[in-house]
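Novice: Encoded as structure tokens, here's the structure I'll be asking about.
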Amino acid sequence: MLSYLSPNTQWVLLSTLILGIAAGMIGCLAYWKRQSLMSDALSHAALPGVVIAFALTGVKSLPVLVLGAAISSLLGALLIQGIRSSSRIKEDTAMGIILSVFFGFGIMMLTIVSRSAGGSQSGLDGFIFGQAASMVRQDVYTMLIMAALVILVVFAGFKEWKLFLFDPDFAKGMGLSGKWMNSLYLSVLVLVIVIGIQAVGVILMAALLIIPSVSARYWSSSFRSMVICSGVFGGAAGMTGSLLSSIGNGWPTGPFVVLASSAIFLVSLIFGAEKGLLVQALQLRRQKKRHHSNSWQHKTVHVKEAE
Amino acid sequence: MMSVIEVKDVSASYRKNQVLHNVNFEVQPGTLTAIIGPNGAGKSTLLKVLLELHPKLSGSVSFLGSNLKRMKKRIGYVPQRGSVDWDFPTHALDVVTMGLYGHIGWFRRPNRKHVERAMACLKQMGMEDYAYRQISQLSGGQQQRVFLARALVQDADLYFMDEPLAGVDAATEKAIMHTLKELKEQGKTVMVVHHDLQTVEDYFDHVLLLNRSVWAHGPTKEVFTQDNVYRTYGGTLRWMKEA
């Protein structure tokens, strides 16, 4: 089936596959840091950076836009930290503030830039819902390299990530710097977000980080299997989403990616081997049966004890 | 004899409240010390400050005349059981193996020998049958034993434990105290945040009475008096065993 697709579409599929794998894996880190919403805030915060980078350089080259996105995303992260540590505002509220302010500012800038000369052809609005089909070969290379880097970072420090996420105090006691790990975590999170926003869009990028990891939780009994599972789910969702969106002309990629990953989630929720609804129902039924068949034995024991 | 821990004028605050005020004490090697005091006395904070998990406002801490950085590999830490998410997808043996990560070296994978050492420590805590059980399926007492096994595998000279006996059943309490006494007999130094006043005399040879600062510190027989305990708890203590 893939051979019917144009070479460009094949490249796009490959890049959304790798992006999905990287996002799914990083999503696991965010899941255990209890910061799933953080990825949403940071991807929204990337928008003004993209627009400003375009306005300043006037070229729509992915490395430049990615750099702009990374800067504004990191700025958002710093502001969230700053608000949380210097005021009574809690982290979720701080994320809500930064998310909406940055996104609102980004949309405003986008409107201004699109009205100016040349801006209307920029296709920058593709960054909102994602336009995987608009990627050129060069963009795909950029994405592949960065996604591969992210995947490498996760695998190289696998046991360090596990220790850091499970018990950060103990990790610190053993000499694993919490500051260092936090910065590294934030860097790979931002990296995945910024390479993903062209394909999936700033609004829905978080779905590729959050949903695969939650789905993977239903299938995994070890951190390793959860990360691998989540990567597979993310990759499948990314590729399916961009494949479906390539059917229509100008269909956005993001919504299809979200639908694909939601479908995976639904299947996991019901059929998942670890705490899936079906497995739990079956276990409960089996236990009830055993209880009923055992209960007469208990009664005899009680009678004997009474004697 | 040189002290294992020397704490001088340490103060620390927690969310704008100063919880530790000019804390001073020295701990001799081979002792088993209970840190006791009312809720909010700064017991956990003290441990965290000693391990630099929480910043101190002033003062100094030294371990065998050296600083924490040099001593890290010789110090073991058992955090409060509630400080981690037990839903994390892993099994008991894997958690114990985490205690060896410092020895294994960063970015290397544990080998068979490491896993065997971890298994031996699980066995020491009577948990070998649960080695491959998901940690979410362990009872509170079992989780605490896993944490202790993880500390044992570190093979440290100095241990800090934050309420290892909180909410555990009698069997686990016995197993843990047996282990602590063994550590002491091996010449290791153990400091334990403890909250059950009735067992202090049976379990610990030294006591540190803490309520924001040190109210008394020394051998249990000399220091753990009704008077001292009453002063430390500041009258909040209603019950006291009648002599």
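Each position is counted from 1, following the chain as shown.
Cβ coordinates come from backbone N, Cα and C, glycine included.
Here TrEMBL flags A:12-32, A:38-57, A:95-113, A:140-158, A:184-211, A:223-244, A:256-282 as transmembrane segment.
Walk me through where these features lie, including what they touch and how far apart they are.
Specialist: Remote same-chain partners of the transmembrane segment (A:12-32), defined as residues 6 or more beyond its termini with a Cβ less than 8 Å from a stretch Cβ, comprise 2, 5, 38-39, 132-133, 135, 139-140, 143-144, 147-148, 150-151, 154, 161, 165-166, 185, 188-189, 192, 195-196, 199-200, 205, 208-214, 216-217, 223, 226-227, 230-239, 241-243, 246, 253, 257.
Remote same-chain partners of the transmembrane segment (A:95-113), defined as residues 6 or more beyond its termini with a Cβ less than 8 Å from a stretch Cβ, comprise 37-38, 40-41, 44-52, 54-55, 72, 76, 79-80, 83, 89, 119, 122, 124-125, 128, 202.
Beyond the ends of the transmembrane segment (A:223-244), by six or more residues, the same chain brings 12-13, 16-25, 27-28, 132-133, 151, 154, 158, 161-162, 165-166, 199-200, 208, 211-213, 215-217, 251, 253-261, 264, 268 to within a C-beta distance below 8 angstroms of the stretch.
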Novice: By Cβ distance under 8 Å, which residues at least 6 away from the ends of the transmembrane segment (A:140-158) in the same chain are close to it?
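Specialist: Result: 11-12, 14-15, 18-19, 21-22, 25-26, 29, 62-63, 66, 184, 188, 191-192, 195, 198-199, 224, 227, 231.
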